[in-house]
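TrEMBL has this to say about the protein:
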type	residues	note
COMPBIAS	1-23	compositional bias 'Low complexity'
COMPBIAS	78-88	compositional bias 'Pro residues'
COMPBIAS	89-103	compositional bias 'Gly residues'
REGION	1-105	region 'Disordered'
TRANSMEM	110-131	transmembrane segment
TRANSMEM	212-237	transmembrane segment
TRANSMEM	243-266	transmembrane segment
TRANSMEM	278-299	transmembrane segment
TRANSMEM	305-327	transmembrane segment
TRANSMEM	348-364	transmembrane segment
TRANSMEM	431-450	transmembrane segment
TRANSMEM	470-491	transmembrane segment
TRANSMEM	503-524	transmembrane segment
TRANSMEM	530-551	transmembrane segment
TRANSMEM	563-583	transmembrane segment
TRANSMEM	595-621	transmembrane segment
Amino acid sequence: MAGALPRSAAGGRRGVRPAPRAGQDPRAPHAVQNPPAPYGARATGGRAVPRPGPSPAAPGDGRGRDGARPGRAAAAPPGAPAGIPPRGPAGGGGSGEEPGGSGPAPLGRFLARAAAVTAVLTAAGAVFGLVRDQTIAHLFGAGHDSDAFLIAWTVPEMASTLLIEDAMALLMVPAFSHALARRAAGRAGLTRKDARTQDPVRLLVAATLPRLAVFLAAVATVLVLAAPLVVAVLAPGLPDPALAVQCTRLTALTVLSFGIAGYFSAALRAHRSFVPPAAIYVAYNVGIIGTLVALHSLWGVRAAAAGVAVGGLLMALVQLPAFIRHVGFGPGRVKGAPRCQRDRDRPTLIAFGLIAPVVFFAVFRQSQVLVERFLAASLPSGAISHLNYAQKVAQMPMVLSLMICTVTFPVVAQAMAGGEREKARRRVEQDLALASLAVLTGTAMVVGYAPQIIQVLFERGAFTHQDTLATASVMRVYALGLLGHCLVGALSRPFFSTDRPTWFPALAMGAGLLVNVVAGAFAVGWWGTYGIAAANAAGITATAVLLLTGLGPRIIAIEVRRVAASIGRLGVAAAAAGGTGWIAGPMIPDPLLSAALGCLLVPAMFGATGTAVGAIEVTALPGQIARSSSQLTQRFRHAR
């Protein structure tokens with residue numbers, strides 16, 4: 001894959017900041033002094049035109065509404081995250097304001113809005129994903145047809161990890177962040193035409209997007225032609241591979257569409273445009289559901305594979321207008337400029353050494369699914385489907401918790417690019433604590449009410465009660481690794497926020513994959529699908545431990561012991577809440593009512609236990625909610 005990264009400073013010299021202009025604070029990073037067009041300015045022909053009235057500060061830079069930089073919070077001891085008491089890495093407490101009283105609570109006003117919008121669209125995508133899985137389960141149950149489709153679905157799942165969620169985002173968000181910093185530093189004194197033709201962001205697009213599209217189209221073509229070999233490698237024990245081969249040829253088309261969609265998402269997130277990237281899975285699942293409903297009677301399970309291809313196309317199309325508006329496709333070079341200037345301003349091609357750590361990390365991470373399906377192919381029919389449904393439902397809390405890190409990743413990348421390591425450290429510690437709080441609460445619910453959740457979601461049509469019991473049991477085992485999955489997603493981002501991605505995450509992920517392979521090969525013969533799920537949990541937990549202990553010495557000096565102790569207290573609360581739900585769930589025969597009451601019981605028990613063990617994230621949560629409610633009430637009154 002070809003791509004590009006901008007040189008780290010104007011003129012190509014790494015680590016040298018441009019001199020400040022008149023009226024600027026020389027201590028402030030240039031990326032904050034000259035925010036790009038999407039932050040409070042509209043783009044007009046490639047030139048930033050300020051909006052009338054007081055311009056808001058760039059999100060996350062610690063400025064108030066009037067642009068004044070507040071004083072530093074001297075009360076917080078060294079290492080304490082901003083906006084919270086010194087006892088824990090995140091979660092709240094304190095006033096809920098940025099130092100100086102002019103900013104909002106911990107995420108910042110902009111990030112709070114972005115997180116809220118992302119949460120809504122992520123939840124909507126998850127709901128449509130459940131409807132998709134319900135439709136497939138209703139039409140095809142858990143048997144040969146669904147297993148064949150899930151083997152073919154391995155291709156888009158791998159493509160999604162590489163091209164949307166991990167590799168593409170971890171490569172291109174920092175690349176666009178650096179390009180935006182260079183745009184801000186080098187825009188002074190340029191005419192509108194020069195600002196457009198010499199824009200580092202447009203140069204980055206011109207150097208990477210065409211090559212990416214050609215490369216991905218070639219890969220998709222190879223996969224279509226080699227579908228029989230792909231199926232033989234993924235599921236060597238499959239009794240009748242013909243249907244899986246046909247489905248694989250359809251799903252292979254997503255390699256191109258997912259790559260373009262992931263590229264658009266990375267560019268838009270770096271520009272802090274979060275709505276279109278957050279909407280891609282809504283579009284994706286709507287495409288699958290619509291195609292299934294329209295064609296299942298004619299094509300059978302092949303309609304689901306065709307729907308995956310349609311959904312992939314919609315993922316790119318839903319972001320195209322925003323990409324054109326914020327980024328554009330502009331000219332790739334400055335006509336008439338000296339060759340030395342063109343060479344200086346054009347982003348350098350990413351060397352293989354820069355791509356490889358991210359790609360290997362993403363491949364090793366997604367290979368866990370390959371290991372599961374490879375091991376499950378020799379088990380009785382339906383085993384792959386049980387594993388798939390259990391994993392999809394169990395990972396919902398993890399997906400929702402990682403939306404925090406998705407929103408703040410550009411902030412971490414820009415802080416690292418500007419040399420603001422302390423700001424990046426506070427942001428990472430807050431993200432770890434908030435994500436752990438969210439995922440462990442969801443884990444407790446999944447463990448406590450697994451049978452009721454699966455029964456409500458899937459038990460209809462061809463999906464029997466025996467399928468419900470098998471899937472729920474596997475899901476409880478999967479849930480043991482949810483914290484590990486969440487931490488791996490949160491901890492990997494800082495490693496790839498630097499100019500030169502490190503190999504450590506890939507090596508840690510490889511070690512976890514080795515644990516998964518060895519444990520799974522041993523356990524599948526004894527415990528079947530339960531052994532496969534347990535091996536997955538063990539492998540991802542090993543990776544999370546390695547990343548947590550390795551982040552401080554290598555990238556950002558987080559306080560590992562304090563973070564680990566905070567997560568440990570949350571783990572105690574999750575165990576108590578999950579155990580309570582496991583006991584209380586069967587007491588109510590109706591599964592829907594039981595699960596609904598569990599949504600009240602589990603958080604209540606989690607909060608009570610968290611308060612008892614002194615988890616600062618739990619004890620500070622009511623105050624945060626009260627402050628947020630008060631702010632919303634005040635805004636509503638002012639609006640009236």
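Yeah, the Cβs are placed from backbone N, Cα and C, and that goes for glycine too.
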Check for me, if you would, whether the transmembrane segment (595-621) reaches the transmembrane segment (530-551) - at least 3 Cβ pairs under 8 Å, residues 6 or more apart in sequence.
no
Long-range Cβ contacts under 8 Å made by the transmembrane segment (243-266), restricted to residues 6 or more beyond its ends, are 144-145, 147-149, 151-153, 155-156, 159-160, 163-165, 168-169, 171-173, 175-176, 208-209, 212-213, 216-217, 219-220, 223-224, 227-228, 230-231, 235, 276-277, 280, 301-302, 304-306, 308-309, 312-313, 315-316, 319-320, 322-323
Could you tell me what the rest of the chain brings near the transmembrane segment (530-551), counting residues at least six beyond its ends with Cβ under 8 Å?
368, 371-372, 375-376, 387, 390, 428, 473-474, 477-478, 480-481, 483-485, 487-488, 491-492, 494-495, 504-505, 508-509, 511-520, 522-524, 558, 560, 563-564
